[in-house]
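Noted in Swiss-Prot for the protein shown:
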- B:His67: active site, proton donor (ACT_SITE)
- B:Pro68, B:Ser84, B:Gln85, B:Glu86, B:Glu87, B:Gln88, B:Phe119, B:Val120, B:Ile121, B:Cys122, B:Ala123: substrate binding site (BINDING)
There are 2 protein chains.
Amino acid sequence: MDINVVNALAYEDFVKLFGNVVEKCPLISAAIWSYRPFKDLADIEARISEFIHSLPDSGKEGILRCHPDLAGRDLQSGTLTPESQEEQSQAGMTTLDSAEIVHMYRLNSEYKERFGFPFVICARLNNKADIVRQLSERLKNRRTAELECAIEEVKKICSLRLHSIVLSDIQTKL
Amino acid sequence: MDINVVNALAYEDFVKLFGNVVEKCPLISAAIWSYRPFKDLADIEARISEFIHSLPDSGKEGILRCHPDLAGRDLQSGTLTPESQEEQSQAGMTTLDSAEIVHMYRLNSEYKERFGFPFVICARLNNKADIVRQLSERLKNRRTAELECAIEEVKKICSLRLHSIVLSDIQTKL
């Protein structure tokens, strides 16, 4: 990526390109466009992180609530975003057997009941077994610690999505 | 609307129902779900307003950048959200002749060049002539005043969208 190409983008194209680096939150990339010119990709990532941390807890929870369940109803009904579809697929969530789907459904429900937001984990960095284990583990967290943990996962997902975009040919995406 | 019905909604259903009261910013309704139970519709509206005002200026600009141009490329290409489509249609933006489309395009471009976000106005409260007049007028504003003015329009749009949702049958939308 040439950062100058990114810095020259009109906000419409910037949001079209980076609008889903935080799942269903184009507001965030649209906001950090204000901080152009960016030095490099790490600078974009830092601005997104800074923006997320500037939000009240309700806003951080709001970001999490824009995420789909893992192996949940959006996956079953084919309504995941392309990015989520790819990530859940890589983590083996699209090839669960029916017992595994029921198990994930129960764990997800318990988690949402407890915290009021869905379980978010960077699926690209974890396989099926890791995901089930961490979901069970994180269910035991206190709410404040879990919110922080989940937001760190959002940032990992965002980082990988950003890298994936800039490694591809930007022009073909606009 | 029975506010108890709204207060009983899981966040997924709440976001599905109210996710676009601020254009393409489901993060906002997902965030204010944290403040249930709501007293009434005015309470929901107040929470949204409070959340928007808690954002840094970049965040307010981000909200505006999630809005389409009036009579712009999303309208021409049929990619407006259903809410925007209806609002732009009511304001006469879908039946402009080619000279009017070019005129709007020029004014929108000048506005975006000047402010770095699109011209946002509550289309349901204005007709074609009002919109063109206000766009020309607001182009003369200072940036800080214009950001404030545009966010007030976002809140008017949000209020009308909220009322429209709760006046309809919630159950049919879920």
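Note that Cβ sites are derived from N, Cα and C of the backbone, with glycine treated the same way.
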Exercise for review: Show which residues of the chain containing the residue listed as 'active site, proton donor', separated from it by at least 6 in sequence, have their CB under 8 Å from its CB.
Suggested key: B:Glu23, B:Lys24, B:Ser84, B:Pro118, B:Val120, B:Val154
Check your understanding: Max Cα-Cα distance in Å among B:Pro68, B:Ser84, B:Gln85, B:Glu86, B:Glu87, B:Gln88, B:Phe119, B:Val120, B:Ile121, B:Cys122, B:Ala123, the residues listed as binding substrate?
Key -> 17
Review point. Any idea which of the binding-site residues B:Gln85, B:Glu87, B:Phe119 has the thinnest Cβ neighbourhood at 10 Å?
Key: B:Gln85
Check your understanding: Which residues in the same chain, at least 6 apart in sequence, have a Cβ under 8 Å from the Cβ of B:Ile121 (substrate binding site)?
Key -> B:Leu70, B:Ile131, B:Gln134, B:Leu135, B:Glu153
Practice item. Identify, among the binding-site residues B:Pro68, B:Ala123, the residue whose Cβ has the fewest other Cβ atoms within 10 Å in this structure. Key: B:Pro68
